[in-house]
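Quick notes on the structure that follows.
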Amino acid sequence: MGDVKNFLYAWCGKRKMTPSYEIRAVGNKNRQKFMCEVQVEGYNYTGMGNSTNKKDAQSNAARDFVNYLVRINEIKSEEVPAFGVASPPPLTDTPDTTANAEGDLPTTMGGPLPPHLALKAENNSEVGASGYGVPGPTWDRGANLKDYYSRKEEQEVQATLESEEVDLNAGLHGNWTLENAKARLNQYFQKEKIQGEYKYTQVGPDHNRSFIAEMTIYIKQLGRRIFAREHGSNKKLAAQSCALSLVRQLYHLGVVEAYSGLTKKKEGETVEPYKVNLSQDLEHQLQNIIQELNLEILPPPEDPSVPVALNIGKLAQFEPSQRQNQVGVVPWSPPQSNWNPWTSSNIDEGPLAFATPEQISMDLKNELMYQLEQDHDLQAILQERELLPVKKFESEILEAISQNSVVIIRGATGCGKTTQVPQFILDDFIQNDRAAECNIVVTQPRRISAVSVAERVAFERGEEPGKSCGYSVRFESILPRPHASIMFCTVGVLLRKLEAGIRGISHVIVDEIHERDINTDFLLVVLRDVVQAYPEVRIVLMSATIDTSMFCEYFFNCPIIEVYGRTYPVQEYFLEDCIQMTHFVPPPKDKKKKDKDDDGGEDDDANCNLICGDEYGPETRLSMSQLNEKETPFELIEALLKYIETLNVPGAVLVFLPGWNLIYTMQKHLEMNPHFGSHRYQILPLHSQIPREEQRKVFDPVPVGVTKVILSTNIAETSITINDVVYVIDSCKQKVKLFTAHNNMTNYATVWASKTNLEQRKGRAGRVRPGFCFHLCSRARFERLETHMTPEMFRTPLHEIALSIKLLRLGGIGQFLAKAIEPPPLDAVIEAEHTLRELDALDANDELTPLGRILAKLPIEPRFGKMMIMGCIFYVGDAICTIAAATCFPEPFINEGKRLGYIHRNFAGNRFSDHVALLSVFQAWDDARMGGEEAEIRFCEHKRLNMATLRMTWEAKVQLKEILINSGFPEDCLLTQVFTNTGPDNNLDVVISLLAFGVYPNVCYHKEKRKILTTEGRNALIHKSSVNCPFSSQDMKYPSPFFVFGEKIRTRAISAKGMTLVTPLQLLLFASKKVQSDGQIVLVDDWIKLQISHEAAACITGLRAAMEALVVEVTKQPAIISQLDPVNERMLNMIRQISRPSAAGINLMIGSTRYGDGPRPPKMARYDNGSGYRRGGSSYSGGGYGSGYSSGGYGSGGYGGSANSFRAGYGGVGGGYRGVSRGGFRGNSGGDYRGPSGGYRGSGGFQRGGGRGAYGTGYFGQGRGGGGY
C-alpha cells in the first residue's frame, strides 16, 4: 500500500510538485477513523481515503488520486505498482444525437382539461405553451448574479452591512424599501422606455386569498434579464414587494443608486418605556465581571439628544481562511474494488479488500444465474415484470444511457420506471461481466417512497433489503453491498453524502424531477457540473408526464425517452357533477360567531361555487352555492363514498387532503360514523409524519367486501404507487410554506393545487381498471388554476443551501446559485450571505469558519444550530436540541378546537411558554415510555398527544446530538436533565435566554387581550394554538409584557406562533441587535424602550460580546467546554443569574390566575384529576410535576385557584421567585448548576434517579448505523 504513496510522490517530484496531505480524525471516540485528503496543484480533484490508522488512510488517498491520473491518461495503469484495480474501459461519450428527443408527445399533456363528456375527443396541444418562463437563452442563466459577484470582489462594500435593518434588511440593499422602490422602478421604466407589466396570480381560498406578482425586465446596458416573483396579502402589496426585489437587484448590479432620501417609517404604535428593577447587588456583580473580562464600557452621553450605541464589536474573530479561487466540483470516481460508496470508506479487511474487479464480477454473475435457475418464485416475479409498460423500452433506455452522459426518461406514473430502470442497468452490467463497475444511487423526494420502492425492488429480486438493493433515509438505513448494488435515498441524504464526493457510483438517477423542491434543484446544479468535469458518469433524470423541455435544455439538449403507460382511462368529474350524482344537500351552516382572523368577508365575485353551467339542475346550483370554497366538504366526501358503494366496482379510494390536521379530523369523522366505522371499511391515513409501520398498511390488500379508504396529502401524487386504487376524491388543495424575506413572514397557506397536480392525482385512479376521479372544485375554479406550482427555491430562505455550497467547496454562493435551473433573485442570495456572516459562519473571505462547518452539518436552521452550541456551553444541550428538533415538526397536541385546553396548557407550568410546554411534554412522554409501548400509548391517549410526532422529535434530537458529539462536543454537556416548570429552575431560565437568541428577530410586546406588537410596533395577535392565548375577550396581564416567538403566520391577521415569555434583561442579552442609550432610556432595536441604568445595559451587552467570543473559541476546539478558565466560568454564571426572572424584578407566580376566564370547564376534570398518569404505583407526575398540575401551581380549584396554592406546595423557602437575587431556592449564587442535586432538585421533585442519564449514555454507546440526513 505504501508503494502507491511513494509512487505518487516520485511522479509529482519529476514535475516539480508536491502532493499535500490533510488528515483529520472522524467518527466518535468509540469508532475512531482517520480521513485523509490529498491534492496536487494544477489538478481540480481531491483524492480521498480513510482507515483506522493514519498511514493506511494516506495510502488509500494516494491510490484514489493515482486512479484519477490513470483515468485522465496522465499515467498508464501498468506503470502503477501493485495496482490490483484495472480501470474500466471508458464509456463512449458521443455528444447527444437527439434520438427520440421529442418523439411523439403523449396525449395526456398540459393544457386546460376539457369537459368530461368530450374528454376523449380533445387533444391537448399546449405542451410548449405552458413553458416555465426560462429567463432568456441559456447563456443568460444567472448572469446577473455572476456580474454582481465579480463587481463585488473589486469593491467590498462592507459599510452597508452594518446599517440599520429597516424592513429588517433594507440597509443591505441600498436602503430601498417597500415605500420607495416602486416609484424608483417607474422612473427607470420611463427613462429606458420599458413597458413594465406585473403578472398577478391568485393564491389560496377566498377567505385567505393572497397574490403573487411577477415581472421579468431586460436591462439593455448589461444585455440580460432580471426576474422577481413576490407574495403579498393583496395586489398592491404583492406589486410593491415585486418592485422592491427588482430595484434591489438593479442596485446590486450597479444600475440604480442607493436611496439617499429620508426613509419614511410608518409610525407603528409606540411602546411605553418599561422600568427594569435591577438590584444594586446584581449591578455591582455585573460591573466586576466586565472588569475581569477587560471590557471598556462607554460613559453615558453628555447630550441626551445624541444617544450612544452600547453594542461592543466582536471580541474574537475567526482567522480568515484562504479564499477558494477555483470553482469546485464534487469529486467523482468510478467504482473501485476496495471502496464502499455507501459508507464512503475504504475496504481494508475481508475478502473484498484484495479481490480484483474481474473476480467480483464473476462471483456476482454466477450468483445471479444460479438464483434465476433455482428460485421459482423469482421466475414468477420476472414474468410479472415483463408486463410493465417500461419493459418494451428496455433496450432503447440502455442504449441511450450508454451513449449519453445525461438521459431524461418521461413516463406516466405507474409505468414502472422507478423500480425497473435501475434494475435494467444493474442486470445489464452483471450479465456482461462488468458487475464491479456498477453502483446506482436513486433519489426520491420523500422518505416513504425511498423505503417502499427499495423494499419492492428487493422483493422483485428475491431478496431482503441489504443485498443488491438498500435504502438510506433520515433516521434509518439498510445499506446494500459495496458492488453491483442500487441504493434508494432521499435527496437530502444524497446531499449530505456529497461531502465525501460521488465516488464509486456509476449512475445517479434523480426521480420525480418535476417536483422542483429546493434540494432537487440544488442537486441538479451539482450534477450538471459533475457531468461537465467527468463525462463518464451517467445521470438519468426521471419525471412524470409533464413538460420536460426545460430540463432537456438545462442538460445540454440531452435525449428524452418517452415511456407510455398502460394506464386505463379515468373518467373525471367536478364539484357540480359530484353534487348532481349524489343529490347532495349541504348541512345547515353553523350559527356560531366566527373569529375575525379565521374568516374573511367572502368576495362573491371570486367564489367560483356560484358559477354553474346551465346543464345542471336548480337543486345542484343551490347546493353548490351554499358550499364555501374555503372549506373541505367532509359531508360531500361521505356522500361520494356511499355513491361509490352503489357502483359495485371494487377498488380502493384515495382521498387527497391538504395537511395532517384535515386528515386526522376526516379519519375521526368517518370512524365515528357507524357506516364507515364498521368492518366494511378500512380508513388509513398517509402522511410523511406518521410512523413507517402505519405508512406500510396502505399497500396491503384488503379482504373481499372491505373498502380501503386512504386519506393522503400530495405524498401519494407521484412518489408512491398504490396498486388497487380505482377512485380518487381530490380536494384540489395543498399546503405550502411561503416565506417573505423583507419582513421575515412565514405564510402557511392552504392553496389551490396546480393543473399539473390535478392531472397527476387523476392518473392514480387508472391502475388496475378504468377509474373515476372526483375533483372537489368547480369547473370555473379549475379554469383559473395555475399550470405549475412555484419552485421552492423562490419561496424559502437560502441560508441552509448556502452553507451546503460552502461545505461542498463549490465556490461562491452567488456564482453557484446563478447556475440553477431557475436562479433565485439576487437580493435573496445576498440576504443569505449576510445572515451567515452575522452568525460568524462565514469569514471575511466568505469561506466557512469552524462554526460554519458545524452548522453546515446540522440539518437545521443555522441560527438554531448556533443556539445548540451555546446550549452545550451551558450544559443544557439536550433541552436545546429537543426544542430545536421539535420546531421541525407540527405540535404534538391533538386539539379539536382552535385553542388549547387545560390538559395541554398545564405542560407550560407557570412559564407562559409554548417552548417550555413542548419540553415538558417531551420529558413526560420520555418518562412514560420507560414503562413500555403500552404505557406510552396510554399516556399519549390520556394527554391527547400525537405519539408519531413525539417519536420523530426524539429521532431528530438524537441525530442532532450525535452530530455535535461527532464534532467533538463532550457527551456530558448533552446529557438529559429534568426541568421543573412550576418552580424556580435556573437551567430552564438559561434555556429560555438561549431560545431568545435562536428565534431573533421575533420579539413582541403584549398590549391587551390577544393583541401584541412586533418589530417596529406593528400589530399582530397571539396565535390561537399558544398556551398564552386567552380563552375569551377578558384582558390579560402577564408578569412581563415581552415575548419571543417562533414564526409570524399570516392568515387574515398576522399572528405569532410558538411564544415564550422573556424578561427585558434576556432581550438585552440575547435578542437585540442595536442598543442605544441616552443616559435615561435604553432603546433596543429602535422600538423597545427600557428604563434601566446606562451602566447595567452596557455591561449586559458586553456579556453578549464575551459569550460570542467564547463560541468562537469553543467551535475551534469543542472539548474545552469541560475545562473553561475561571473568568469564562464566572461570565457564564453571571449570564445564568441575569436569566432569572427575579433578576429583572419579575415574579412569575403573579400569573397563576392568568387564565381567569370564569371557572374551569367541568369536562376537563376527567383528564387531570389527581396527579395524572400513573405507572406501577409511582405517578409520572410525582412530586414537583404532580403538585404543579393539581395541588400546586394552579390551585386545587383549577386555574382560578388561589395564588397562594404554589406556596402551599413549596412553602416559604425564600418566597419562591421573590427570593433574594442570589438565587432563592438554590442558596448561594454559585449553586450547583450542572449537578442533578442542587437546592431545589435535591428535594426529590420529579426525579427518576440515574435512569435517564444512564439511558442517554447507553444509547450513544451503541452508536447508530448509516443515518445520513
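Positions of Cβ are set from backbone N, Cα and C atoms, glycine also.
Quick caveat, the model's predicted, so the values are computed rather than measured.
Feature region 'siRNA-binding', per Swiss-Prot, maps to range 5-9 of the set 5-9, 1120-1124, 1145-1149.
The separation of Ser449 (phosphoserine) from Lys697 (SUMO2 cross-link), Cα to Cα, is 14 Å. A sphere of 10 angstroms centred on the C-beta of Lys1024 (N6-acetyllysine) encloses 17 other C-beta atoms. Spacing of Lys191 (N6-acetyllysine) relative to Lys199 (N6-acetyllysine) is 22 Å (Cα to Cα, whole number). Around Lys199 (N6-acetyllysine), the same-chain residues six or more apart in sequence whose CB sits under 8 Å from its CB are Ala213, Glu214, Met215, listed in sequence order.
Within 10 Å of its Cβ, the residue among the modified residues Ser321, Ser449, Ser506 with the fewest other Cβ atoms is Ser321. Secondary structure of the motif 'DEIH box' (511-514), assigned with DSSP and counted as helix (H, G, I), strand (E, B) and coil, comes to 2 helix, 0 strand, 2 coil. Secondary structure of the domain 'DRBM 2' (180-252) per DSSP, as helix, strand and coil residue counts: 37 helix, 24 strand, 12 coil.
Counted within 10 Å of its Cβ, the other Cβ atoms near Lys191 (N6-acetyllysine) come to 8, all protein chains included. Across all of the domain 'Helicase ATP-binding' (398-564), the predicted model scores a mean pLDDT of 94.
Separation of the C-alpha atoms of Ser506 (phosphoserine) and Ser449 (phosphoserine): 22 Å, rounded to the nearest whole number.
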